[in-house]
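Per Swiss-Prot, the feature Zn(2+) binding site maps to His62, Glu65, His158; the stated evidence is sequence analysis. Feature annotation from Swiss-Prot assigns active site to Glu222; the stated evidence is sequence analysis.
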Amino acid sequence: MLSDLMINRDFLAYTLANPNQLPAAYDFMLADHTRVDVWDTGVIVFTPANATKDIVLSCAVHGNETAPIEICNQLIKDLLSQRIIAKQRVMFLIGNPTAILNKTRFIDENMNRLFSGAHSKGEGLSHPERHRAKALEQYVADFFNANSDNQRIHYDLHTAIRASKHEKFAIYPYRPGRAFSGEQIMFLAACGVDTMLFHHEPTTTFSYYSSQQFQADAFTVELGKVMPFGQNDMSRFAQTHTMLEKLITETKLAPVEFDPSKVNLYKVSRSINKHFDDFEFSFAGDAENFSAFSQGEVLATEGGNAIIVEYPQEAIVFPNANVPIGQRTVLCLVPAPNESIL
């Protein structure tokens, strides 16, 4: 197994050759004295001595979001080849290998709705993606629980289904009683992620799980638009790759003071769920994320009723009418100039 991985140091290829599971977990040491643990298919941990941060970089929770997969695979390859040397402990997760092979967002169910125990509710552990979500939760728990003093960070990397007026943006999970981190917002801005959405309620996303369970600085990070493998312009992700490499390989990053002029800040005003099969948006199917609508405009109709804009202006992200009844169809946003940011 080790020889298979180290021949090309291509962890993605190794994962896709073993999409369901590995025969056994194993570990080895690099010449730079970094310990490498392969816990499962798509799960690899690098542990140097004297780390002060525990970092989770996850990708492919949706299998067709290829740019984050390519970014993570290159970082893993560079660590395995020792082109770069880890100074911080980092776990990479390739979330849904079978969906990658299928070239689809998911096989049976949207995995980013299955965390914080949602995998075992309703129909229970009824298909592989629910089992995988449960396993990923446990790997994150094992990783973070190994240290109590280190800073905990989780960037769950995605690309969006549709184009966006702000190409790169992040969702800051709901964290009652905890201020938002200006340092983290500025780090993401340096990654090219210049737009932040502050969520208003608990969710069942991967980033919320890490934030809520382990008080991690956790984010869902959207890096652009979904493209097939081989069609990503990786120059558009150069800032992200550079900053993630710095995060892993530097003992301490120079702090950057929060500057609201460098970022676009929104908060979620409401989440609109689907209640009837006839749910239909009133705007064009190719409307970009962050398209804005004025108070009184009709956003959608369902069950004979109109859903209208409630604020002077609301922007929308992640519109998707083709979800099961009870699930979210869209997030509505308003400007957030006064959030508690330290």
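Glycine too: its Cβ is placed from the backbone N, Cα and C atoms.
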Hey, for the Zn(2+) site built from His62, Glu65, His158, who else sits with CB inside 8 A of the CB center?
Cys59, Ala60, Val61, Gly63, Asn64, Pro68, Arg105, Asn112, Leu157, Thr159, Ala160, Val226
Any idea what the Cα distance is from His158 (Zn(2+) binding site) over to Glu222 (active site), rounded to a whole Å?
5
How long is the line from the C-alpha of the residue listed as 'active site' to the C-alpha of Glu65 (Zn(2+) binding site), rounded to the nearest angstrom?
10
Restricting to the same chain and to sequence separations of six or more, state which residues have a Cβ under 8 Å from that of His62 (Zn(2+) binding site).
Gly95, Asn96, Ala99, Arg105, Phe106, Asn110, Met111, Asn112, His158
When you measure from the Cβ of Glu65 (Zn(2+) binding site), which residues in the chain that are at least 6 apart have a Cβ under 8 Å away?
Cys59, Arg105, Leu157, His158, Thr159, Val226
Taking DSSP three-state, what's Glu222 (active site) in: helix, strand or coil?
strand
Over all shown protein chains, what is the count of other CB atoms within 10 A of the CB belonging to His158 (Zn(2+) binding site)?
25
